[in-house]
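Listed in Swiss-Prot for this protein:
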ACT_SITE  His20  active site, proton acceptor
BINDING   Tyr15, Tyr67, Asn69  tRNA binding site
SITE      Asn10  site 'Discriminates between blocked and unblocked aminoacyl-tRNA'
SITE      Asp94  site 'Stabilizes the basic form of H active site to accept a proton'
Amino acid sequence: MTMLIVAIGNPGRQYTWTRHNIGFLCADKLLQGFPEAQFKEARKLFSDIAKVESPQGSMVFIKPRTYVNLSGKAVSAVKEYYGIPIDRILVLADDVNHPFGNVRLRQNAGGGGHKGIKSITQSLGSNDYWQLRLGIGRPQREDIELSDFVLGQFTEEEQIGIQSLFIEASALFSQWCSGTQTA
């Protein structure tokens, strides 16, 4: 059965190395194990899409081109196009409610204030999908707005720590693919 892996982030080079795009970066890292996989634009599905075959089955990775807050439009379109059941959807998203480097895998989880997650839940009419939440922490100073923080570039320290985050995310992703995860 086909699996849908949704990376949340914003399109455009100016956002590539921002905290809000850690989902896009994580998808790129996960796809390194599939050298044949290349993201290609699928305008009618509002996404860049990469398809791979694995021992666990077919996988469709998407990077919505709708910007974070409207991610649900792309997820809903791709889900319908490929006929993917909601419990075979995994969303890779940044999480300000957990310290940088903390990674959690959950099903039926709330959005924690994440507007992209909220958009996906609204578009699908359910939160019965899986989330791989990638901790980015919160601003260290009170004078920094949360929106500026998530759209900000990674610090040098975060750039070093992101590799450990990706290793943990990859392990949880493998568990999810094989069905050995716990909710």
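Heads up, residue numbers simply count up from 1 along the chain you see.
Each Cβ is built from the backbone N, Cα and C atoms, and glycine gets one as well.
A separation of roughly 14 Å, to the nearest angstrom, links the Cα atoms of Tyr15 (tRNA binding site) and Asp94 (site 'Stabilizes the basic form of H active site to accept a proton'). For Asp94 (site 'Stabilizes the basic form of H active site to accept a proton'), the nearest neighbour among the listed recorded positions (His20, Tyr67, Asn69), judged by C-alpha distance, is His20. It is 5 Å from the Cα atom of Asn10 (site 'Discriminates between blocked and unblocked aminoacyl-tRNA') to that of Tyr67 (tRNA binding site). Listed in chain order, the residues near the tRNA site other than Tyr15, Tyr67, Asn69 are Gly9, Asn10, Pro11, His20, Thr66, Val68, Leu70, Gly116, each with its Cβ within 8 Å of the site Cβ centroid. Counting other C-beta atoms within 10 Å of each candidate's C-beta, the recorded positions Asn10, Asn69 are led by Asn10. Pairwise Cα distances among Tyr15, Tyr67, Asn69, which the record gives as the binders of tRNA, peak at 14 Å. In the three-state DSSP classification, Asp94 (site 'Stabilizes the basic form of H active site to accept a proton') falls within a strand.
The Cβ of the residue listed as 'active site, proton acceptor' has Ile8, Gly9, Asn10, Val68, Asp94, Val150, Leu151 as same-chain neighbours under 8 Å, each 6 or more residues away in sequence. Asn10 (site 'Discriminates between blocked and unblocked aminoacyl-tRNA') carries neither a helix nor a strand DSSP state and counts as coil. Around the Cβ of Tyr15 (tRNA binding site), a 10 Å sphere holds 17 further Cβ atoms from the protein chains shown.
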